[in-house]
Amino acid sequence: MKLSELKTSGHPKTLFSSFLYFDVSFMIWVILGALGVFITQDFGLSPSQKGMIVAVPILAGSVFRIVLGILTDRFGPKKTAILGMSITTIPLLWGLFAGNTIPELYMIGILLGVAGASFAVALPMASRWYPPHLQGVAMGIAGAGNSGTLIATLFGPRLAENFGWHVTMGLAIIPLLITFFVFILLAKDAPTQPAPQPLANYFKVFAHKDTWFFCLLYSVTFGGFVGLSSFLSMFFVDEYGLSSVQAGDFVTLCVAAGSFFRPVGGYISDKIGGVKVLSFLFIGVAVCMLGVSQLPPLFAITALLFVGMMCLGMGNGAVFQLVPQRFQKEIGMVTGIVGAAGGIGGFFLPNILGTLKELTGSYSSGFITFSCIALAAIAILIIANFSWRKTWNIKDGAVKI
């Protein structure tokens, strides 16, 4: 496989458009986490409330991913993406002009979930343009749009410090509008877009156990990535006394590892198989989170989080090297379901960290719990791999797992 094949075997403009759409949408999806320190100052939130504020958009995104996944398969990803971006302007305008009570924040968070659901549109859009042996790297490039978190954590606190968090939410409309018009001009639905089916047909994938294997694995990799991305700013402020801007910079460094190594995970998985890659990555996550639980000095914990987030990001790419090998025609729906599971994992992690901090007075127990979850994922992977090698077409090399 040569990377130059991406230019000749698919549609580079659509691949770029998918990345850009997911990138800006992801930035907006996690914006409450990036602005969490400022919101906390305004509302005086408890640790558990902090976890809930950043977790609500993630949970809402999980639900909307299934909805947008169905729309993607039924009406095409381009129309679905345009609808999603249009709806995303609503919570940004709400945050700009109102958002003065906690219930309003929750409602804004729910609507921000539509931005997070872009995952179920961008990845199928890219996937359908490329052959099986390029799925890992193509899905990795489109999925690297989760680097939008970098923009949120790097610029969000700085803008909020100067203009306030309300204005910062309004400013996010600018890149969204630019993306909207670029997407309309460049993106194109693949000719392999399947014909619309009766609604009941889309839910048949729930009956496949492979769907649930992918859900469990992605709830750890993506759930860990987005959960930590949303919560670490408040963690660094609470535990290490950093300013909101300093905390944002440290989080940006960690998020960069997870975002930019996602295509690497997909590329390596194309070469040796996603199962092998995931096996090593889950071990890496477990070790790093156990180290983080000791709450070492700032330099050490940043290094551990950097490596841990890198493993999670590569794991995201590895999981989605496997998904299209198993589900090609139903890729939109399955991406929505698996993405929803990832969002649910991301919803629980901030709540676990915040609640255990409130109960025990320390973040240690929360990170130990996450380390144990990563180890449990290895057991799930072993069971899944045993099943896949019996049921997938592996012997003739048609499928690389």
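Numbers run from 1 along the shown chain.
From the backbone N, Cα and C atoms, a Cβ is placed for every residue, glycine too.
The annotation domain 'Major facilitator superfamily (MFS) profile' is assigned in TrEMBL to 13-389.
Annotation source TrEMBL lists transmembrane segment at 20-39 (among others). Nonlocal intrachain contacts for the transmembrane segment (20-39), taken as residues 6+ away from its ends with a CB within less than 8 angstroms of a stretch CB, comprise 45, 50, 53-54, 56-58, 61, 81, 84-85, 88, 92, 105, 108-109, 112-113, 115-116, 118-119, 121-123, 142-149, 151-153, 156-157, 160-161, 164-165, 168-169, 172, 175-176, 178-179, 182-183, 187, 226, 229-231, 233-234, 237, 244, 247-248.
According to TrEMBL, the transmembrane segment annotation covers 51-68 (among others).
Same-chain residues lying 6+ beyond the ends of the transmembrane segment (80-99) with a Cβ under 8 Å from its Cβ atoms: 21, 25, 28, 68, 71-72, 105, 107-109, 111-112, 114-115, 117-118, 121-122, 125, 165-167, 169-170, 172-173, 176, 179-180, 183-184, 187. Annotation comment: TrEMBL describes 80-99 (among others) as transmembrane segment.
Under 8 Å from some Cβ of the transmembrane segment (105-125) lie the Cβ atoms of residues 14, 17-19, 21-22, 25-26, 28-29, 31-32, 39, 43, 53, 56-69, 71-73, 77-78, 80-81, 84, 87-88, 90-91, 94-95, 99, 139, 142-143, 145, 187, 189-190, 320, 331-332, 335-336, 339-340, 342-343, all in the same chain and six or more residues away from its ends. Feature annotation from TrEMBL assigns transmembrane segment to 105-125 (among others).
The transmembrane segment annotation in TrEMBL covers 137-157 (among others).
Under the heading transmembrane segment, TrEMBL lists 163-187 (among others).
Outside the transmembrane segment (212-237) by six or more residues, the chain places 30, 32-34, 36-37, 40, 50-51, 54-55, 58, 146, 149, 153, 157, 243-244, 246-248, 250-251, 254-255, 258, 278, 281-282, 285, 305, 308-309, 312-313, 315-316, 318-319, 322-323, 326, 334, 337-350, 353-354, 363, 370, 373-374, 377, 380-381, 383-384, 387 with a CB less than 8 A from a CB of the stretch. Feature annotation from TrEMBL assigns transmembrane segment to 212-237 (among others).
Residues annotated as transmembrane segment in TrEMBL: 273-292 (among others).
Taken from TrEMBL, the feature transmembrane segment covers 298-319 (among others). Using a Cβ-Cβ cut-off under 8 Å and counting only residues 6 or more beyond its ends in the same chain, the transmembrane segment (298-319) has close neighbours at 136, 139-140, 143, 146, 214, 217-218, 220-222, 224-225, 228-229, 232, 240, 250, 253-255, 257-269, 274, 277-278, 281-282, 284-285, 288-289, 291-292, 338, 342.
If you look at the transmembrane segment (331-353), the same-chain residues 6 or more away from its ends with a CB under 8 A from one of its CBs are 48, 50-52, 54-56, 58-59, 61-63, 65-70, 72-73, 77, 113, 116-117, 119-121, 123-124, 127-128, 202-203, 205-206, 211, 214-216, 218-228, 230-231, 235, 316, 319-320, 323-324, 363, 366-367, 369-370. Per TrEMBL, transmembrane segment is recorded for 331-353 (among others).
Taken from TrEMBL, the feature transmembrane segment applies to 365-386 (among others).
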Within-chain partners of the transmembrane segment (365-386) [C-beta distance under 8 Å, separation at least 6 from its ends]: 210, 213, 216-217, 220, 224, 275, 278-279, 282-283, 285-287, 289-290, 292-293, 349, 352-354, 356-357, 401
